[in-house]
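Inspection log for the structure reproduced underneath, given as structure tokens.
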């Protein structure tokens, strides 16, 4: 009877140990897949109205300045592509932070940073020193995409803010307008975004505009042979000289999408199939066998585009979040906190 009891107890111990190991495995798997500690409703206790405040501010700013919604999306892209989604993009040049990423050539044309300050100020009034600037960027991009008719993204929060600019990394990490598809896919892959996701995220080029400085290489001395001739003639009208300056003061530009210029939809992909891609890197997506099938499918199905865009935006927004001891919650998004 004693032996039988011992065997039964041993069996229970083995089962309990196996169950514990299995539970640990599940917990580890969850941690690996939740963006390094990011979670839905991160501020539900510390600042319950945080996400509502961001949503309200984005709506108010969008009503007054529609292009702010486009700026939110581009800002999140530029922030997350360079090292981490840590609001390093927002830092001004200072002795503490270094040279601002906003002054890098690849940041040409970025604007509306003052409205990030407006959102942050509203949050500081409600919950001082609680909501990170990195989360402000992520939530503003989420709400901006929705304001533009795009999908609603279940954005997790809990990011920390960088204490230093990543200026030296911008030129390496932000794709250029005339990059190869291989280069672009490589950069997105570094964030965990596959080819399908890259084609979806570049669909953000459905909204906003491009400065002529980035277009004239396709228009002069002759229009790119891969471009629809009528579209080339239109763009030459928008950009009448090859001598376009890299200057945002009274600069010439062309809309990314003439049909629905302020709607985040699949017109971008339809335009690529019609040889009306604005940037060279865009048009190349329709020609490369690794990306062309996704371009065609998204052009045919806006719901599919929105679904893939939401998934890829979420993945990008969770790139390499800083641990608590690696970052801070800035009181002013433009400057690191004083010691």
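Residue 1 is the first one shown; counting continues down the chain.
The backbone N, Cα and C atoms fix where each Cβ goes, glycine too.
Since this is a predicted model, take the numbers as computed values, not measurements.
Lifted from TrEMBL, the feature list:
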type: ACT_SITE; residues: 78; note: active site, proton acceptor
type: BINDING; residues: 175; note: substrate binding site
type: BINDING; residues: 205; note: heme b binding site
type: BINDING; residues: 257, 260, 265; note: Ca(2+) 2 binding site
type: DISULFID; residues: 47-127; note: disulfide bond
type: DISULFID; residues: 80-85; note: disulfide bond
type: DISULFID; residues: 133-333; note: disulfide bond
type: DISULFID; residues: 212-239; note: disulfide bond
type: DOMAIN; residues: 37-337; note: domain 'Plant heme peroxidase family profile'
type: SIGNAL; residues: 1-31; note: signal peptide
type: SITE; residues: 74; note: site 'Transition state stabilizer'
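Annotated features taken from TrEMBL, shown on the structure.
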residue	record	CB count, 10 Å
47	disulfide bond	18
74	site 'Transition state stabilizer'	21
78	active site, proton acceptor	21
80	disulfide bond	28
127	disulfide bond	15
175	substrate binding site	19
239	disulfide bond	23
257	Ca(2+) 2 binding site	21
260	Ca(2+) 2 binding site	16
265	Ca(2+) 2 binding site	20
>> Return the count of C-beta atoms lying within 10 angstroms of the C-beta of residue 212 (disulfide bond), excluding that atom itself.
In response: 23
> For residue 205 (heme b binding site), which residues in the same chain are close in space, meaning a Cβ under 8 Å from its Cβ, but six or more apart along the sequence?
Replying inline: 256, 257, 268, 278, 279, 282
> Going along the chain, which residues six or more apart from residue 85 (disulfide bond) have their CB under 8 A from its CB?
Replying inline: 76, 79, 134, 137, 138, 159, 316, 317, 318, 319, 320, 321
> So of all those recorded positions, 74, 80, 133, which one's Cα sits nearest to residue 239 (disulfide bond)?
Replying inline: 74
> Among the recorded positions 47, 80, 127, 175, 265, whose Cα is within 10 A of the Cα of residue 212 (disulfide bond)?
Replying inline: none
> Of the recorded positions listed here (78, 175, 260, 265), which is spatially closest to residue 127 (disulfide bond) when Cα positions are compared?
Replying inline: 78
> How many other Cβ atoms are found within 10 Å of the Cβ atom of residue 333 (disulfide bond), counting all protein chains shown?
Replying inline: 22
>> Given the binding-site residues 175, 260, 265, find the one whose Cα is closest in space to the Cα of residue 80 (disulfide bond).
In response: 175
> Rounded to an integer, what is the Cα-Cα distance in Å between the residue listed as 'active site, proton acceptor' and residue 175 (substrate binding site)?
Replying inline: 10
